[in-house]
């Protein structure tokens with residue numbers, strides 16, 4: 001481990017590199033390639049633990065369960081890391097677990113479905129849990145005036161890196177013969193190329209993270225800090241400090257009606273928002289009528305389209321909010337999202353799906369960025385922001401649990417993802433109504 005002073009360029013760059021390393025997971029696996037692969041290798045209905053599930057419902061349930069674990073795990077792990085000084089140890093553990101699980105997805109097989117879904121589950125947990133420690137490093141390595149710039153740089157590097165790898169994977173999947181990948185033993189080259197993509201994600205995540213781990217401060221640094229600060233027995237309370245912080249914010253919301261109402265609206269529309277983002281590719285794979293040989297390329301192209309337009313959408317939403325205000329902009333975005341859900345119910349052709357993808361990209365980046373910035377404006381200036389953003393993060397994860405469970409249940413019962421998408425129309429409308437009332441109250 002190198003020793004750099006707080007705020008040093010090399011230390012900040014080391015932190016940024018982890019965004020480059022791990023962002024390939026959410027784009028390449030969670031969003032783009034794995035959903036297509038999963039739809040190709042599984043039947044519409046599959047047996048898991050003795051029960052019959054619709055394939056898309058099952059993966060949604062697995063995702064929801066992973067986020068249930070994360071809701072309880074994240075506050076506990078952050079407290080333990082603060083107490084033991086093992087921040088880098090835990091970050092490494094979850095990074096390596098996640099990246100290794102990505103590699104194991106190469107052996108994802110319908111005949112070994114139980115173990116295959118465990119690989120998916122571990123990769124998801126590894127990614128999100130490692131972010132708990134990654135994000136907590138920022139205030140320790142960067143001064144307040146540096147943090148926004150460094151955070152934005154990390155996001156940008158993550159976006160660039162993940163898009164580069166996705167483009168490489170897209171070329172490999174569409175032209176496998178140029179990479180020496182041919183059909184064998186009944187396995188089509190396209191599926192083999194997808195499996196190799198999972199290995200590439202795991203290796204990319206693992207290798208690039210080494211620069212980060214080499215330079216970030218570790219246990220010895222935190223041990224010295226504890227010695228210098230003369231820790232007491234009360235420090236053991238740090239283990240449960242994450243839960244304590246959440247309770248403090250919950251209690252303080254009773255005296256801050258504006259923030260309470262906004263968080264209620266945010267939680268409700270996030271149930272729909274986060275779920276639609278997570279299941280979009282599964283929906284496209286299962287519900288859209290693609291031309292012969294168009295599906296894989298079309299779906300990955302749609303994801304790239306969403307990513308690119310989301311950047312423009314975020315900038316556009318920020319400019320609109322400067323003119324009409326954050327709440328009015330969020331109300332408008334919720335209404336557009338509600339209309340997208342209705343449109344999504346009727347989407348059948350690839351052209352219609354591309355249009356839907358473009359619309360999602362246009363409002364996805366804007367609603368996420370504005371939600372966070374609006375939340376920050378409602379936080380009391382005298383309070384520690386970290387506690388509030390921890391609460392915000394847990395609220396978001398909990399909304400995913402509810403959204404994915406609801407989506408899976410409707411999909412399982414009705415046999416169609418279209419019905420699930422249509423139901424989320426209600427959440428965006430309710431979210432917009434609450435925001436309208438809040439805007440009138442503030443005005």
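Glycine residues also receive a Cβ, built from the backbone N, Cα and C atoms like all the rest.
Residues or ranges marked as transmembrane segment by TrEMBL: 12-38 (among others).
The transmembrane segment annotation in TrEMBL covers 58-77 (among others).
Beyond the ends of the transmembrane segment (89-108), by six or more residues, the same chain brings 21-22, 25, 29, 34, 37-38, 41, 77, 80-81, 116, 119-127, 129-130, 132-134, 137, 195-196, 198-199, 201-203, 205-206, 209, 213, 216, 218-219 to within a C-beta distance below 8 angstroms of the stretch. Summarising the annotation, TrEMBL assigns transmembrane segment to 89-108 (among others).
Outside the transmembrane segment (114-134) by six or more residues, the chain places 15, 18, 22, 25-26, 29-30, 34, 48-49, 58-59, 62-63, 65-67, 69-70, 73-74, 77-78, 81, 87-88, 90-91, 94-99, 101-102, 104-105, 107-108, 397 with a CB less than 8 A from a CB of the stretch. What TrEMBL lists as transmembrane segment is 114-134 (among others).
The annotation transmembrane segment is assigned in TrEMBL to 155-176 (among others). Within the chain carrying the transmembrane segment (155-176), a Cβ under 8 angstroms from the stretch's Cβ atoms is held by residues 16-17, 19-24, 26-28, 32-33, 182, 189-190, 192-194, 196-197, 200-201, 204, 208, 296-297, 300-301, 303-304, 307, 311, all 6 or more beyond its ends.
What TrEMBL lists as transmembrane segment is 196-216 (among others).
The domain 'Major facilitator superfamily (MFS) profile' feature in TrEMBL is assigned to 258-443.
Cβ atoms under 8 Å from those of the transmembrane segment (261-284) belong to residues 30-32, 35-36, 38-39, 56, 59-60, 63, 253, 298-299, 302-303, 306, 334, 337, 340-341, 344, 353, 357, 360, 364, 367-368, 371, 374-375, 378, 391-392, 395-396, 398-400, 402-404, 406-407, 417, 420-421, 424-425, 427-428, 430-432, 434-435, 437-438, 441 of the same chain, restricted to positions at least 6 beyond its ends. According to TrEMBL, the transmembrane segment annotation covers 261-284 (among others).
Among the features that TrEMBL reports, transmembrane segment is placed at 296-318 (among others).
A Cβ distance under 8 Å defines the sequence-distant neighbours of the transmembrane segment (330-347), meaning residues of its chain 6+ beyond its ends; these are 269, 272-273, 276, 283, 287-288, 317, 320, 353, 356, 359-360, 362-363, 366-367, 370-371, 374, 418-419, 421-422, 424-425, 428-429, 431-432, 435-436, 439. What TrEMBL lists as transmembrane segment is 330-347 (among others).
Proximity of distant same-chain residues to the transmembrane segment (353-370), defined by a Cβ-Cβ separation under 8 Å and at least 6 residues beyond the stretch ends, is recorded for 269, 273, 276-277, 280, 284, 288, 298, 301-303, 305-314, 316-318, 321, 326, 329-330, 333-334, 336-337, 340, 343-344, 347. Feature annotation from TrEMBL assigns transmembrane segment to 353-370 (among others).
As annotated by TrEMBL, transmembrane segment applies to 391-410 (among others).
Per TrEMBL, transmembrane segment is recorded for 416-436 (among others).
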### Message
With a cut-off of 8 Å between Cβ atoms, can you find at least three pairs linking the transmembrane segment (391-410) to the transmembrane segment (58-77)? Only pairs 6 or more residues apart in sequence count.
### Response
yes
### Query
By Cβ distance under 8 Å, which residues at least 6 away from the ends of the transmembrane segment (296-318) in the same chain are close to it?
27, 31-33, 35-36, 159, 163, 166-167, 169-170, 173-174, 190, 280-281, 284-285, 290, 329, 333, 350, 353-354, 357-358, 360-370
### Task
Take the transmembrane segment (196-216) and find every residue of the same chain, 6 or more past its ends, with a Cβ under 8 Å from one of its Cβ atoms.
1-2, 4, 10-11, 14-15, 17-18, 20-22, 24-25, 28-29, 33-34, 88, 91-92, 95-96, 98-103, 105-106, 108, 137, 141, 161, 165, 168-169, 172-173, 179, 181
